Structure formats: C-alpha cells, structure tokens
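Student: One structure, as structure tokens, below. Some questions next.
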Amino acid sequence: SLIPCHSQIKHIVNHIIDSHKNISCDSIKVFVRVRPLTKGSGLTTDGDQSLCLKVTSPNTIRLLAKPEPRTFTYDHVADMDTSQDSVFSSVAKNIVESCMNGYNGTIFAYGQTGSGKTFTMLGPSELDNFTDELRGVIPRSFEYLFFLINREMVRSSGSKSFLCKCSFIEIYNEQIFDLLDTASASLFVRENIKKGVFVEGALERFVSSAAEAYQVLSHGWRNRRVASTSMNRESSRSHAVFTMTLESKESINEVVNIRMSQLNLVDLAGSERQKDTHTEGSRLKVTILVCF
C-alpha cells in the first residue's frame with residue numbers, strides 16, 4: 001500500500017517519472033533478480049533447502065504457491081547464477097546510451113531489506129576496489145558512460161566536448177540531505193523555467209573519469225544514514241539518489257548545439273511491512289515515512 005509522504009519528496013519522484021514521459025516514449029521496464037540463498041534462509045521444517053520460485057524463461061518466474069502455482073512475466077528475469085556484468089548489460093546499458101543521446105534515464109532497485117538491492121546497485125558492502133568483478137550497476141554505469149564519452153570525442157575530432165557533474169542526496173524521515181556536504185542543513189525542492197525541478201543548494205562535483213565519479217559516490221555513501229532493524233543488522237532507512245548531469249556541446253559550421261541529460265541511480269530503503277520488522281516508536285515512524 002502507498003504511504004502518504006511529504007509533498008516535496010513526491011515532487012522529486014514525479015519529476016523523475018515525468019522527465020521520461022516528456023522526452024522519450026519508452027515505457028518503464030521492470031527487471032527481476034533472484035537472490036541466492038543465504039545462511040539461515042530457504043529452510044523447511046525438516047532442514048531441507050527449498051525454493052519458493054523457479055525462473056522458467058528470461059522473462060517469466062513461476063511462484064510455487066499453494067494451492068496453485070502462479071506465473072509472472074517481466075521485461076527480464078535474472079536467476080541466482082546471473083553475474084553482475086550480465087545484470088548491468090540487461091538493465092543499464094541501453095539507459096546509459098540513451099543518456100549520451102540527450103535522454104534522461106533512471107534506474108532504481110526496489111525490494112525488502114536483505115533482498116540484494118545495494119549489492120546489485122553498488123556491490124558488496126566491503127567493496128573498495130573500483131575494478132572488482134562484483135562491482136554493481138552504478139560503478140559499471142560510470143565506466144560505460146565515460147567510455148562512450150571518450151569514444152565520441154575521438155570520433156568527432158574535437159568538435160564535441162562533454163561536461164559531467166554529480167550530486168548525491170538522501171531522502172530520510174521527510175527531509176532531504178546532501179550526502180556530499182554533511183554540514184549543510186535540510187534541503188528543499190524548487191522549480192523554475194530554466195532548471196525545471198531541482199534540489200536547491202545540493203552540492204555538485206565535476207568529474208572527468210569513472211574513477212573520479214566513484215570517489216564522489218564512495219564519499220557520499222559513507223555518510224548515508226543507517227539504522228538497525230530485526231530484518232537486517234545494518235538496514236538502510238533512507239532513499240539515496242545519485243544524479244549525473246551530462247552536458248554535451250557540438251560545433252557545426254560555427255553553430256554550437258548544447259544537449260543536456262540526467263542519469264539518476266537510486267537505492268531505495270527496504271520495502272518490508274512494519275509488522276515483519278518489529279520496529280517501534282520513532283523507528284516505526286521513520287519506517288512508515290520512507291516506504292512511500
């Protein structure tokens with residue numbers, strides 16, 4: 001069920017969705033990734049491991065429910081053995097390419113705590129190696145974007161130039177915080193004709209390589225607020241939105257064409273129901289507010 005949220009938070013979400021409606025006719029695509037069994041999960045009463053679902057094709061999942069199994073169809077389904085690189089190719093590659101062509105793109109992971117959202121988007125929690133094989137969608141998007149930028153600059157023989165800047169905000173307990181500037185106060189959403197909808201005062205850092213973008217991401221990620229719940233020892237209770245703004249300039253017969261686009265990479269808070277987390281008091285309030 002949808003939980004009412006602060007109007008400015010809704011404004012951000014609606015802007016992200018509307019940006020795709022206004023610029024591209026492409027529909028929202030839904031990809032499903034099945035997480036492998038972890039220690040203590042997937043056990044029946046007799047101690048045998050048992051799966052509750054089965055991937056029957058690249059687009060369908062069969063839920064082994066009682067009394068009758070049910071089949072669900074999505075744009076793509078990744079099974080437990082799917083690699084991080086394969087997930088990126090299926091989910092993010094086309095969106096990054098569209099961003100190079102001037103279209104806005106958004107990728108977000110949705111699911112309950114412990115379902116693998118952060119692993120899919122970023123990689124293992126202890127990951128500090130940008131080239132690690134288990135790095136997630138976000139660092140791979142950095143790599144691919146700057147690969148495309150460098151390739152385009154070579155092909156254009158200098159007639160094209162690119163400028164890339166990053167911001168990183170957190171939506172927590174009805175407020176917006178700048179993960180790149182912990183000293184700043186709560187931020188507010190504004191709108192004007194030139195910039196459209198934006199977060200006023202959010203720090204933007206210019207980057208010229210994938211490695212620099214990852215440094216910005218790592219700095220902000222360390223500042224992200226986390227809280228303990230019974231679902232997971234370190235469960236994030238906030239939504240994190242990493243935005244890359246790309247500006248390209250091309251000179252043709254002394255005419256300069258400027259194109260702008262945004263790539264939003266989002267890690268959502270856990271979507272579990274409150275009765276399953278046993279949270280109480282102020283922690284319950286935070287849980288209700290983040291699950292909109």
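A Cβ is built for glycine as well, from the same backbone N, Cα and C atoms used for every other residue.
Straight out of TrEMBL:
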DOMAIN    27-292  domain 'Kinesin motor'
BINDING   Gly111, Gln112, Thr113, Gly114, Ser115, Gly116, Lys117, Thr118  ATP binding site
Student: List the residues of the same chain that sit at least 6 positions away from Lys117 (ATP binding site) in sequence and have their Cβ under 8 Å from its Cβ, in sequence order, or write 'none'.
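Tutor: Those within reach of Lys117 (ATP binding site), by Cβ under 8 Å and sequence separation of 6 or more, are Ala109, Tyr110, Gly111, Asp267, Leu268, Gly270.
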Student: Using a 10 angstroms cut-off on Cβ to Cβ distances, just flag whichever of Gly114, Gly116 is the loneliest among these binding-site residues.
Tutor: Gly116
Student: Going along the chain, which residues six or more apart from Ser115 (ATP binding site) have their CB under 8 A from its CB?
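Tutor: Within the chain, Ser115 (ATP binding site) has Cβ neighbours under 8 Å at Arg35, Gly270.
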